[in-house]
Amino acid sequence: MKAGKSERERSSRRRHRSGDALATVVVKQERLSPEPVAHRRPDAPAASPPPPAAESGSAGHRGSRARGASRSPAKKKSKSSGRRSKSPRTKRSRSPHYSTVKVKQEREDHPRRGREDRQHRELSEQEHRRARNSERDRHRGHARQRRSSDERPVSGQGRDRDSQILQAQEEERDFNNARRREHRQQNESAGAEAQEVIPRPAGNKNKEVPVKEKPSFELSGALLEDTNTFRGVVIKYSEPPEARIPKKRWRLYPFKNDEVLPVMYIHRQSAYLLGRHRRIADIPIDHPSCSKQHAVFQYRLVEYTRADGTVGRRVKPYIIDLGSGNGTFLNNKRIEPQRYYELKEKDVLKFGFSSREYVLLHESSDTSELDRKEDEDEEEEEEMVSDSS
């Protein structure tokens, strides 16, 4: 009897496990709630040992019913579940309940769902940003097209107007370049040589363009100052480009109060420096009122107009004051500093407060007056010698 009972329990457990496994598979695939298991009420009497022999009829009836139940797994399942109701809640079934499976699935799906939501949100933000950028670019393109269409003139009139604007710009540029070039040439030549001009084309008769300036390789600035040093002293004056050595033999006749001093020949150089600094001066002036570099006697090649109207060139003497303290006097008139003054035959020069006078003459000049003065001086000297004897 006990062996049959244990056998029935084992078979019912097997069926219960297979039924639970089947129910679990159905839950995972179809996600349906399992059929409710019929539990016996807690007040139901527990399984009692088999009745005595007096109730053998009813026991036999029950045994036949149990046999019938073994054929139908559903009834056996309810019996076995009822029999197992005594066990703790955690040991009722070894297979997980549907709610537990659902919780596990939700935990597994949660990170995937969060990742998908995040990706979807990022994609939507990127699409929104892209759409906004494309809309901004489209607005900019429309504005640019509108601006270009506003600036773009009508085809025929636009071409004419563009050509006129270009022509006017070229003319203005050429005119400005010509003015700058002319101004630069005037500054360099210091108004020495007249510049030849070339008339512009027939369209611009009122504007003239000077001859193209040739490059100048002469020293200037600090280099010129370094090269303009003589015997360790920096010379204040630099000769102009038109400086020339004269062919005519000019001379300076100095006088001190009526006394004739030795003649100075000044035709061997293009310039002569006059001053108190004997180390660098070509013509020293020892009077204390004179500056170390007082003035310069300069020969320049300049243009002049002949009697027949033609233009010629000639070397003429000039005097320039180097900004001396007490000035330079030409025919008893003080001249302006840093400015050339043309000298002529028989002009008289004085420097500072010195009493010496310098008369400018050349080899062809009439020196009869000077000879007469020299003769008078010699006669006076002879008379003085005879009186003393």
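Backbone N, Cα and C define each Cβ position, glycine as well.
Note that the coordinates shown come from a computational prediction; the quantities given were computed from them, not determined experimentally.
The annotation compositional bias 'Low complexity' is assigned in Swiss-Prot to 54-72.
Per Swiss-Prot, the feature SUMO2 cross-link maps to Lys28 (among others); the stated evidence is similarity to another entry.
If you look up Swiss-Prot, you'll see Lys28 marked as SUMO cross-link, on the strength of similarity to another entry.
The annotation SUMO1 cross-link is assigned in Swiss-Prot to Lys28 on the grounds of similarity to another entry.
Residues annotated as SUMO2 cross-link in Swiss-Prot, with similarity to another entry given as evidence: Lys104 (among others).
Counting every protein chain shown, 7 other Cβ atoms lie within 10 Å of the Cβ of Lys214 (SUMO2 cross-link). Classification of Lys214 (SUMO2 cross-link) by DSSP places it in coil, neither helical nor stranded. Annotation source Swiss-Prot lists SUMO2 cross-link at Lys214 (among others), citing similarity to another entry.
Residues or ranges marked as domain 'FHA' by Swiss-Prot: 272-335. Counted with DSSP, the domain 'FHA' (272-335) comes out as 0 helix, 33 strand, 31 coil.
Taken from Swiss-Prot, the feature phosphoserine covers Ser18 (among others), and the record attributes it to a large-scale study or a structure entry.
What Swiss-Prot records for Ser33 (among others) is phosphoserine, and it gives similarity to another entry as the kind of evidence.
If you look up Swiss-Prot, you'll see Ser48 (among others) marked as phosphoserine, on the strength of a large-scale study or a structure entry.
If you look up Swiss-Prot, you'll see Ser95 (among others) marked as phosphoserine.
What Swiss-Prot records for Ser149 (among others) is phosphoserine, and it gives a large-scale study or a structure entry as the kind of evidence.
Annotation source Swiss-Prot lists phosphoserine at Ser386 (among others), citing similarity to another entry.
Per-residue pLDDT, averaged across the domain 'FHA' (272-335), gives 90.
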